[in-house]
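Features as listed in TrEMBL:
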type    : residues                                         : note
BINDING : 10, 11, 12, 13, 14, 110, 111, 112, 142, 169, 187 : GTP binding site
DOMAIN  : 2-195                                            : domain 'Tubulin/FtsZ GTPase'
Ligand SMILES: Nc1nc2c(ncn2[C@@H]2O[C@H](COP(=O)(O)OP(=O)(O)OP(=O)(O)O)[C@@H](O)[C@H]2O)c(=O)[nH]1
């Protein structure tokens, strides 16, 4: 699948940067256009793979290149004010060559959290291709304001985009790691999952012919109808052997059958691990509206039977009648991997908790503000109110 990607804000920019690196490393050619947008100049300068001419600084007249300081209402305002510049920056995107737009942003901050949905609204107005977003939820220990931002931004993204894919930092943080090292590792996990998912629509990679290939239209159909998605992933390292040599050495059908059974079992077990293991957004998978299963690896490690079984198992687990599935063969891969896209999930306790903390945070903020006004008045006024200000 070919995407026009927009990294909005610091997290969005860094993840976009990683996607470009992933594309180069794997020759997957997913990112047809890359644009990094920010209100903070320093964040744009720090990017390594996004070409300089594809970096757009917005809100200069308001925040002078210093960022919006986790104020996502301000993030929305400056994006709206500079929307012409943003849309003009997208003019060079060969829309006929891309299957969809993907806006990537941290929902806890200000720029990407507030500005991303504004851009989504305008892209939807101008282009016929779907506009998706990949939203990163803040980890719970980042504090109330990030949670409040994320809860409001989440709601806005779902409304403004054709689909919101979610990654929850909270489910992926590891204790004892520096924030930066932590993010590097997390960002790698993000591009591995979404890289395989979006790479699936591109049959050419490594010249492999898929038995039942996943086309970009299947990704689009799975994401159609809006809502929120989560992604599961599991992989197994394999000993690389030459398929031609193997089949010549085998020479009889019995071991072929044995291998086929092993391949099928490996696939079904990977599908289970992917769906029941750690999802990008932890949730109950029962009740998922639509799902897509992508199996990746060298083609002789993939078979139709395994994918069919995996698909059926997913149907049972999710209760969905719309489970698609197929191959994404990669000739030189030293792994077999299953990626499960669960679209239209609604039983997500993490989001309910995020909203609960957000409301609590807002009430606390209002209480503290009201209290601090009264406290300040008490501080500056003398007891008998005998002193008066100068003017
Ligand atoms: N996964 C991941 N999350 C990140 C990364 N950097 C920041 N975040 C998350 O994104 C949130 C903050 O978003 P940023 O992207 O830094 O904010 P911004 O959009 O640049 O907005 P301002 O800094 O307020 O102008 C944080 O609360 C983190 O949860 C990253 O490299 N990877």
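Residue positions begin at 1 at the first shown residue.
Every residue, even glycine, has its Cβ placed from backbone N, Cα and C.
Here the domain 'Tubulin/FtsZ GTPase' (2-195) has a mean pLDDT of 95 out of 100. The Cβ of residue 187 (GTP binding site) has 14, 15, 18 as same-chain neighbours under 8 Å, each 6 or more residues away in sequence. Cβ neighbours within 10 Å of residue 10 (GTP binding site), excluding its own Cβ and spanning all shown chains: 25. Less than 8 angstroms from the CB of residue 111 (GTP binding site) sit 8, 9, 10, 37, 38, 39, 40, 67, 68, 75, 78, 105, each of them six or more residues away in the same chain. Comparing Cβ neighbour counts within 10 Å across the binding-site residues 12, 14, 142, the minimum falls on 142.
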